[in-house]
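Enquirer: Structure incoming, see below.
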Amino acid sequence: MGCDPAGLLPRVHERLEAWQRQDLRSYCCCVVLPLVICGGAYTSLFYGFGVLMLPIRDEFHAGARWSVATGSPVYVGSLMLFASSCVGTLIGGRMAGRPDDTSGRWLRYACFGGTIMFCVGLVLSAVAMQHEQLWLLYVGCSLIAGLGTGGIYMSNMVSALVHFRAAGFPGLGSGLVGCIFGLWPVAFATSWPSLSGEVGTPGGFLVVAGLVFVLSLPPSFLLRLPPPQIAPTESAQEDANSIHGASATSVEGTEIG
C-alpha cells in the first residue's frame, strides 16, 4: 500500500470490505455518514468565513490596512474558495478509483494531505494576525488552507456519492453531505462569539485547526470505495465537482453581499 494511511490498519480495512460486501446500506449509514460528519468539520470556517471578516480586520487595527469597503476581507475568503475549486478539478479524476486503486487509496491521500494543509494554513493565519503580516494571512488562509479544503471536500464527497449510488440511493448521498456541510458553518457562526471572546481571533483559528485535525483523522484512515463488483458504473467525481462549484458560487455571493 506504500504510503497509504490504510496500511496502518490492514485488519480494520479487511473487516470494512467484508461489511461492504455483506450489507452496503448499513455500511453507508454506520460508516460512511459518520466519516463525512467528521470530515465536514473544515466547512465550519470554510463556508462560515463571513463571520470572520470584521474580527480579522480588527486584528489589523480596525482597518488601518484595509476596510470592509475595500473588500479585502472578502478577498481572503474568496481566494480560499478559488484554490479549493482548483484542487477539486485537478484531483477529481483520481477520486473514484482506477485499476490500480480499487479500495480508495486516493481518497485517503487527499483527505490526509488536505487536512495537514488546512491546519497548517490556519496556524499560519493565526501567526499572521498576531504579527500583523497581511501577506502571510493570504498565504496561510487563502492559499494553503484553501488547497487543503479541496482535498478534504473531494475525498468525503466522492466516497459518499459512490457508496450511496452503489447502495441504490443515487441522490441521497449528495443531499446528506450537503446537509452536513451546511450544519457545521451554522454551529461555527453561533459559537464563534463565545470562542473568540475567550481566546481571541488568532486563538480561535488555532482551536479550529486542532478540531479539524482530530476529526479528520478517521476519514483520512478509513475512507474507502465500494468493492469493484458492486461499485456503480457511472463516475461520481463529476457530481462532486458540480456540487462544489455551485456551493462556492453561492458562498462567495453571500460573502460579497
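The backbone N, Cα and C atoms fix where each Cβ goes, glycine too.
Annotations in TrEMBL come from automatic prediction, not curation.
Below, the features straight out of TrEMBL:
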- 27-54: transmembrane segment (TRANSMEM)
- 74-94: transmembrane segment (TRANSMEM)
- 106-129: transmembrane segment (TRANSMEM)
- 135-154: transmembrane segment (TRANSMEM)
- 166-184: transmembrane segment (TRANSMEM)
- 204-223: transmembrane segment (TRANSMEM)
- 233-257: region 'Disordered' (REGION)
- 247-257: compositional bias 'Polar residues' (COMPBIAS)
Enquirer: Is it true that the transmembrane segment (74-94) and the transmembrane segment (204-223) have 3 or more CB pairs under 8 Å, sequence gap of 6 or more?
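Expert: Judged by the Cβ rule, the two regions do not touch, with the required three close pairs absent.
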Enquirer: Given the transmembrane segment (204-223), which of the listed stretches 27-54, 106-129, 135-154 has the most Cβ pairs that are under 8 Å apart from it?
Expert: 106-129
